[in-house]
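Enquirer: Here you go, one structure.
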Ligand code: CTP
Ligand code: MG
């Protein structure tokens, strides 16, 4: 609620204007039945044409005023609601961009997508309805009752009975309905989750022929959603006949009492018509208001889900110095790491020192913690304990954005964005000239492949780069990282899809860059070419030395070498 109001603050003038127009609209609407009554009494009942025309013209004028005010109000309300929705989306997007991996892992992608779409739309609709109805409906009820009493108090006593009954009835309905809609919203989240997981993992699902199970999972979620939505709407709908019943009864009473009074001459036909009109307006206003409250409840729960995202603490260290990485030395000192919401110690007492400009291979079996170790360096995650230093400065002293522009990170599963190859390579640095771009591509051993495409660097890669092979995507990611001219280059298994010859060429080209290079690999042939090898097993550093030394002193290393040699022999 506070959230919605905070986004509306900047539109306060527009909101005042909208509400002033509402008042004009309201007064016109309330005058209308009154004048209708006069017209019937003075004109129609007396067959006086002049009176009919006179009051007819007045009614016409009022209608025009009310119509204009209503239209303008609609226009302004639409503007306010759409603009505030735009603001909320913008702020959300900015907030998520600032998220650390830890924060991201708290919100599944599907939940974030629902925040942007469904939740923001809910708020937008409610803001619109609120501006149109919130003030008008209650005032309309009060105004109608007062006007009816002015016209004829005896008949209007009916209002004192029906209005409270209606209000109590509708609010009871609403209370139950709201709970139902909260459940519907949870079902929507569930369906989105299944859809999102499936689209993201379509290939895996197909590869493992999991389609049937996934279909079942989706059907279940989808059916629950449909069933609960239907229940909620049916419940709300079923209140309508009851509403009509109450309304009709009160109309019958008004007409009956009115008829008797007309006969004894204490009231006139015009007055009865006016009161009937006020009764209809009252019922309409009350039901409009209940639906608004329902929308309000949904918008509040939407706002409650958006608020935590906006309130997430943004990692902004108080920097005394704006450190930049000058040499590229990396030191880990007793680093421990556990993933958020987990208990397993993925990295345990990891300590090592890498000199500036060194090329270090990180070798270890799957699940050893290699990727995890990488992610700590650009501050994607923070160590649970221990300290990381870059050039003798603790990592937390570096400004995150600044730091990341100095680190070329090629993740394990390269992600390309929709756009041209050129866009994808220059992604990290849009202002790079063409020659730099081509040099980066050449060094990444992808230039020849790109030029062999019909459109060369302007070849469009589809969503997630579907029309490129895994190895091609890896090399484009490498080119992207090289273009940054990073002080620290990190390749996470990025050479796994390359043949030995291309890999050799790539590693040779990397040597011409003045940077510290970390290469995660599972291949001895790759590790051999590095200055040093960090052996990692089950989150612990086993050894740290060059190939020759390790071959001599590390039984662990010897085992890997032997097993890979055997495999090569058996392949031949
Ligand atoms: N892990 C986790 N939560 C994550 C990522 C990983 O709990 N978000 C755990 C994994 O279950 C694994 C350990 O952390 O046991 C190490 O994962 P990782 O660093 O990704 O292992 P790698 O050595 O990179 O493995 P691979 O060679 O398969 O990439
Ligand atoms: Mg990994």
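Glycine is no exception: its Cβ is also placed from the backbone N, Cα and C atoms.
TrEMBL: automatically predicted annotations, no manual curation.
From TrEMBL, for reference:
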type	residues	note
TRANSMEM	12-40	transmembrane segment
DOMAIN	21-298	domain 'ABC transmembrane type-1'
TRANSMEM	52-71	transmembrane segment
TRANSMEM	133-151	transmembrane segment
TRANSMEM	157-177	transmembrane segment
TRANSMEM	240-258	transmembrane segment
TRANSMEM	278-297	transmembrane segment
DOMAIN	330-563	domain 'ABC transporter'
Enquirer: Out of 52-71, 240-258, 278-297, which stretch has the largest tally of CB pairs under 8 angstroms to the transmembrane segment (133-151)?
Expert: 278-297
Enquirer: So if I exclude everything within five residues of the ends of the transmembrane segment (52-71), which remaining residues of that chain have a CB under 8 angstroms from its CBs? That is, six or more out.
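Expert: Here the qualifying positions are 21-22, 24-25, 28-29, 31-32, 35-36, 38-39, 42-44.
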Enquirer: With pairs 6 or more apart in sequence, are the transmembrane segment (157-177) and the transmembrane segment (12-40) linked by at least 3 Cβ pairs under 8 Å?
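Expert: In this chain the transmembrane segment (157-177) does not contact the transmembrane segment (12-40) - fewer than 3 Cβ pairs sit under 8 Å.
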Enquirer: Same-chain Cβ contacts of the transmembrane segment (278-297) under 8 Å, 6 or more residues past its ends?
Expert: 29, 33, 122, 125-126, 129-130, 133-134, 136-138, 140-141, 144-145, 147-148, 151, 158-159, 162-163, 166-167, 170-171, 173-174, 177-178, 181-182, 236, 243, 246-247, 250-251, 254
Enquirer: Looking only at residues six or more beyond either end of the transmembrane segment (240-258), which have a C-beta under 8 A from one in the stretch?
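Expert: Distant Cβ neighbours of the transmembrane segment (240-258) are 154-155, 158-159, 161-162, 165-166, 169-170, 267, 271-272, 275-276, 279-280, 283, 287.
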Enquirer: Would you mind giving the whole-number mean pLDDT across the domain 'ABC transporter' (330-563)?
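Expert: Across the domain 'ABC transporter' (330-563), the average pLDDT comes out at 88.
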